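Participant: Just lifted these from TrEMBL, have a look:
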DOMAIN    2-182  domain 'KARI N-terminal Rossmann'
BINDING   Y25, G26, S27, Q28, R48, S51, S53, G134  NADP(+) binding site
ACT_SITE  H108  active site
DOMAIN    183-328  domain 'KARI C-terminal knotted'
BINDING   D191, E195  Mg(2+) 1 binding site
BINDING   D191, E227, E231  Mg(2+) 2 binding site
BINDING   S252  substrate binding site
Amino acid sequence: MVKIYYDADANLEYLKGKKIAVLGYGSQGHAQAQSLRDSGLDVVVGLRRGSPSWAKAEADGLEVAAVAEACAKADVIQVLLPDEIQGRVYATEIAPHLTEGKALMFSHGFNIHFGQIVPPRHVDVFLVAPKSPGHLVRRMYVEGKGVPGLVAVHQDYTGKAKDIALAYAKGIGCTRAGVFETTFKEETETDLFGEQAVLCGGVSELIKAGFDTLVEAGYAPEMAYFECLHELKLIVDLIYEGGLSRMRYSVSNTAEYGDYMVGPRIINRQTREEMKRVLAEIQNGTFARNWMLENQVNGPQFNAIRKTEQQHPVEKVGAQLRQMMPWLKK
Ligand SMILES: NC(=O)C1=CN([C@@H]2O[C@H](COP(=O)(O)OP(=O)(O)OC[C@H]3O[C@@H](n4cnc5c(N)ncnc54)[C@H](OP(=O)(O)O)[C@@H]3O)[C@@H](O)[C@H]2O)C=CC1
Ligand SMILES: CC[C@](O)(C(C)=O)C(=O)O
Ligand SMILES: [Mg+2]
Ligand SMILES: [Mg+2]
């Protein structure tokens, strides 16, 4: 049975009097740094001098320093830089400051699990991984709620690694929703699988395939956009609140019958076989190797696909339609 920790299991005192360096001020960095600060903890954000993130963090009232400087003064170093550059920044700017008894932490186990970062024995190494995009981590914290999170300890040098990790999870609101104990291996492999097969890769392709099918059959792109993208959020909100059953309770019986008849034709045996192959490539390191190699040559394939995807007609019609819904802008 998986162990779950809530507010009462975590004590912020383990971080009181300690300095926390949050490296990066992107999706997770801005959310975690601000929430830790609002939880009464001492935070410095580590960034590239003069970068857009530096100005943002300063405007949000946070102490900011260059990465090496932040690591030098910190007791706990949270690495919220893009996964693909963590190994390089670790070697040059973080490792020299990992003196005995400090803590090195992550929100994704990629670099530790795939051996891109090998910390010294004399530090704690753990992860606190919110199961949510960063902007919602912050929004939920501000609303007095929280997103679920994962905690895993890779190295416990001080004997206090889990206590410090749970205090950190409390500082960003995760213990309000529940923090689940796991391992770096399990977090890394399930996170990669989820984002590739379902949450990002699976959903994006499903949206485009549905949209293209309707448009190619002569229906208006606006109709196709509402059916295949806009309404998805409303359906997913119902699933999020009460599972598939809640969604199926709320939609019409016609929609529910269509769901049962057609869903398995779209996500069929072949798709499930492919999912198994995708998982195997994550487990045996093929995906990680390809991603690292892609970055060694400055991401030509990644950048080209990103550009093409931004030009897809569903993005063009969506941009126009969302202008009519100004409340979506933020
Ligand atoms: N996105 C998410 O919601 C989630 C992310 N994670 C994990 O969190 C980590 C961070 O991801 P995410 O928040 O998406 O990252 P982002 O890409 O959103 O942000 C990266 C930040 O790092 C800064 N940065 C980039 N290069 C450098 C550098 N060389 N030196 C110093 N700062 C640099 C960027 O600032 P600038 O470019 O302005 O210099 C930016 O502030 C990853 O491990 C990811 O897997 C885990 C759960 C969810
Ligand atoms: C689903 C994508 C994610 O894993 C996340 C927001 O949890 C990520 O890496 O950004
Ligand atoms: Mg994730
Ligand atoms: Mg991820």
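In case you wondered, yes, glycine gets a Cβ from its N, Cα and C as well.
Owing to the predicted nature of the structure, the values given are computational and were not obtained by experimental measurement.
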Participant: Return the average pLDDT for the domain 'KARI C-terminal knotted' (183-328) as a whole number.
Facilitator: 97
Participant: Return the member of S51, G134, S252 nearest to E195 (Mg(2+) 1 binding site) in space, with distance defined Cα to Cα and candidates limited to these binding-site residues.
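Facilitator: Closest by Cα: G134.
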Participant: Tell me which of the recorded positions R48, H108 sits in the most Cβ-dense spot, judged by other Cβ atoms within 10 Å.
Facilitator: H108
Participant: Relative to the Cα of H108 (active site), which of the binding-site residues Y25, S27, Q28, S51, D191, E231 have a Cα no more than 10 Å away?
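Facilitator: So the list reads D191.
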Participant: Can you tell me how the residues of the domain 'KARI C-terminal knotted' (183-328) break down into helix, strand and coil by DSSP?
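Facilitator: Looking at the domain 'KARI C-terminal knotted' (183-328) with DSSP, the answer is 127 helix, 0 strand, 19 coil.
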Participant: Excluding near sequence neighbours, so keeping only residues 6 or more apart in the same chain, what lies with its CB under 8 A of Q28 (NADP(+) binding site)?
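Facilitator: In sequence order, the residues whose Cβ lies under 8 Å from that of Q28 (NADP(+) binding site) (at least 6 apart) are L80, S107, P130, G134, V137.
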Participant: Quick one: among the binding-site residues D191, E195, E231, which has the most Cβ atoms sitting within 10 Å of its own Cβ?
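Facilitator: Result for the most crowded candidate: D191.
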